[in-house]
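Annotated in Swiss-Prot:
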type	residues	note
BINDING	118, 122, 123, 124, 240, 350, 351, 352	(6S)-5,6,7,8-tetrahydrofolate binding site
SITE	226	site 'Plays an important role in substrate specificity'
MOD_RES	227	N6-(pyridoxal phosphate)lysine
């Protein structure tokens, strides 16, 4: 199929080839990214991209859905097996749309919701004023403790009692510690609120049994299907059976039309991979690598938000290096290490500048990097940031990155 693309559209082919080269030659540390299997890519590039299938298995608005019904049922059944969910909807095109569907299911415009502050580790869809969630609903923020940088559950309870939200949102996009979902449910029950958990970043760790599972505690669980779950880009919703019909209606016909059946097929393949024994080994290696990388960074004198990590994610506070997150992201990319600038708790810089850098170990672990490689990456990051204006040092860092990536070939069959 790549041969067809090359003949048909040289410009698009060239851009894709260049991206493949980038992924092969750089160290991918963006916490929300991963490398899917070739089987997942084959499913996503299959003839299922041709099929419209509005509705759900057994109740479609189009004919000819007998085979895509099988695929969607496989995906749903595998998610139920992985997470122990009563009901699953695998049609959301993204995590943001999964969150939107839950909001539309139980909230009215202007309802009060308690969500995590974006700079403290939350997500745009958890009430940011520039996002639909912050526009449509009255979000009240909770955050982390100023000293420990961990969620202060007593503060969450106090704010829940004060504001009496209809919904509490737990989960994060930049929080490196375990979240106590049981405690969140207790708080929700105390104030009569629903609980939604967004486990997008940690879903793969939950699937492997290496992070507490929110499903037994939450009324609704949303997630992306990529990140640590190592599937295609997309979303899904897990919920109690009592909300099944409402959730399904919120997705279709509520906020989406036809599902992307080729993506759902790729999701199904990834879920099948997550059920294999070696996926637990992979997830454990993600955590081991993150801990080793965090230790290495601290030995190099770098400051980590909350002092370390319990999952795949590390947040570096770069202020003591007298640079910004924006500068750190740029200079690391220049030497071949891909990260993203990120706000930190109690941030004073703008979101376009930031005081932090967010990194994660899911992608490099998929590539086969282990503890020794984490030591080298920690050294490389510190060396690059401390010498960000020294071109000779940056050239040396580039050579070290090249030496490291050359040992771990990527997608040799592509």
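Backbone N, Cα and C define each Cβ position, glycine as well.
Positions of Swiss-Prot features highlighted on the structure.
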| residue | record | CB count, 10 Å |
| --- | --- | --- |
| 118 | (6S)-5,6,7,8-tetrahydrofolate binding site | 25 |
| 122 | (6S)-5,6,7,8-tetrahydrofolate binding site | 25 |
| 123 | (6S)-5,6,7,8-tetrahydrofolate binding site | 24 |
| 124 | (6S)-5,6,7,8-tetrahydrofolate binding site | 16 |
| 226 | site 'Plays an important role in substrate specificity' | 25 |
| 227 | N6-(pyridoxal phosphate)lysine | 28 |
| 240 | (6S)-5,6,7,8-tetrahydrofolate binding site | 15 |
| 350 | (6S)-5,6,7,8-tetrahydrofolate binding site | 10 |
| 351 | (6S)-5,6,7,8-tetrahydrofolate binding site | 14 |
| 352 | (6S)-5,6,7,8-tetrahydrofolate binding site | 9 |
Between C-alpha atoms, which of these binding-site residues comes nearest to residue 226 (site 'Plays an important role in substrate specificity'): 122, 240, 351, 352?
122
Residue 351 ((6S)-5,6,7,8-tetrahydrofolate binding site) and residue 227 (N6-(pyridoxal phosphate)lysine), Cα-Cα, nearest whole angstrom:
22
Would you mind pulling the longest C-alpha to C-alpha span across 118, 122, 123, 124, 240, 350, 351, 352, which the record has binding (6S)-5,6,7,8-tetrahydrofolate, in angstrom?
39
In the three-state scheme derived from DSSP, which category covers residue 227 (N6-(pyridoxal phosphate)lysine)?
helix
